[in-house]
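The structure under discussion appears below in the form of structure tokens.
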Amino acid sequence: MTRKSRRLILIGAGLGVLALAAGLILTALNDTIVFFRTPTEVAQQQIAPGARLRLGGLVEPGSVAKSGASVRFAVTDGNSKVTVAYTGLLPDLFREGQGVVAEGVLQSDGTVKADSVLAKHDERYMPREVADALKKSGHWKEGEEGGPVPPAAKTPGPQSSAAPPAVSPARSTP
């Protein structure tokens with residue numbers, strides 16, 4: 001065997017080992033990747049029951065039903081809606097019309113059994129996919145900084161009952 005053929009065999013074996021390692025890494029990652037979906041994508045695509053997903057959109061007004069520690073609500077992007085069932089404490093910012101991301105498992109009846117619910121801290125923030133879906137459906141409303149203004153953000157919050165600070169009178173010294 002010549003030096004050239006040994007070098008080619010060594011390079012080929014090295015590339016084969018690298019390809020095998022890359023394939024194993026991608027296979028392992030495929031089991032842990034959770035895809036982000038909008039309600040329209042969940043309704044249109046054939047997603048197998050039992051698949052993990054992140055569902056993002058707005059909490060549909062009038063859809064929140066609490067029963068003890070459990071809550072059911074609908075997430076919408078303006079075109080479609082998906083019901084989410086969650087057991088646990090909801091974030092403080094969770095409310096109707098507010099942006100939300102629910103991560104969980106798609107059930108055979110089309111609901112998502114969520115194990116975590118995240119509420120958007122700023123009503124103007126929206127994932128690109130959800131914002132695009134809202135724009136297509138005509139539910140996108142321009143806010144002060146170009147983002148959507150959900151119905152919950154339009155209503156004024158509770159007013160503070162604290163009185164304005166008292167102004168102390170100026171003392172005149174003789």
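Cβ coordinates come from backbone N, Cα and C, glycine included.
Quick look at what Swiss-Prot annotates:
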{"type": "TOPO_DOM", "residues": "1-7", "note": "topological domain 'Cytoplasmic'"}
{"type": "TRANSMEM", "residues": "8-28", "note": "transmembrane segment"}
{"type": "TOPO_DOM", "residues": "29-174", "note": "topological domain 'Periplasmic'"}
{"type": "REGION", "residues": "130-174", "note": "region 'Disordered'"}
{"type": "COMPBIAS", "residues": "156-174", "note": "compositional bias 'Low complexity'"}
Item checked: Local confidence of the prediction over the topological domain 'Periplasmic' (29-174), expressed as mean pLDDT -> 76
Notebook entry, point to check: Under DSSP, the topological domain 'Cytoplasmic' (1-7) has how many residues in helix, strand and coil?
Noted result: 5 helix, 0 strand, 2 coil
